[in-house]
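So the structure is just underneath, and the comments pick up after that.
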Amino acid sequence: MAAATGTRKKKTPRPGQWKLWLLYTAGFVPAVWTFYLGATGQLGADPVKTFEHLLGLWALRFLILTLLVTPMRDLTGITLLRYRRALGLLAFYYALMHFTTYMVLDQGLNLSAIITDIVRRPFITIGMISLALLVPLALTSNNWSIRKLGRRWSSLHKLVYIAIAGSAVHFLMSVKSWPAEPVIYAAIVAALLLWRLARPYLRTRKPALRPRGEAIALRK
């Protein structure tokens with residue numbers, strides 16, 4: 001007799017799925033640690049500002065790591081494409097926490113104070129625009145959106161370049177003087193964006209290195 005139909009196949013976890021969950025877990029460690037420092041009074045004289053700053057800094061760091069995936073593959077042959085989505089989402093989560101801290105803890109959801117602050121300090125507007133650009137990218141960072149949007153998905157996700165540029169400018173403008181830290185981050189972002197612009201020309205002149213682990217399908 002034929003085997004009974006209608007039995008559902010059990011979904012088996014994709015190879016390396018545990019590495020993604022490990023990345024997410026490790027990615028949230030800085031947020032948990034910073035919250036712990038704030039809760040125990042170890043964030044200095046202005047804990048809210050320090051908490052807000054550190055969350056924003058980690059958002060920028062994860063954006064940089066997201067953009068580093070492609071040059072690393074081009075220059076070394078090491079491919080980390082399967083982790084790029086997770087890095088991008090971590091950047092968005094930290095940017096959202098940074099924004100929430102500003103709105104709730106810093107400004108106390110006082111709309112008039114927020115508007116006054118935006119007018120007085122334009123870098124806040126730049127930061128909010130950068131976050132707004134990340135929202136559609138986070139919402140479409142899934143396989144269903146890739147299938148539905150087709151080629152438009154790639155075009156949409158190019159907004160990340162504007163978002164990371166805005167984030168670097170936001171950081172630079174948020175300090176009264178230009179200490180080394182924001183300048184270094186801005187220089188890294190500028191280098192990554194220049195690499196992206198020059199990449200099509202570099203690829204025509206030099207064959208790309210064969211990525212390690214190329215046999216593993218990258219498209220999900």
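Positions of Cβ are set from backbone N, Cα and C atoms, glycine also.
Per Swiss-Prot, the feature transmembrane segment maps to 20-40, 51-71, 86-106, 122-142, 153-173, 175-195; the stated evidence is sequence analysis.
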Winner by Cβ pairs under 8 Å against the transmembrane segment (51-71), considering only 20-40, 86-106, 153-173, 175-195: 86-106
Contact set, same chain, for the transmembrane segment (20-40): CB under 8 Å, 6 or more residues outside the stretch: 47, 50-51, 54-55, 58, 62, 82-83, 86-87, 90, 93-94, 97
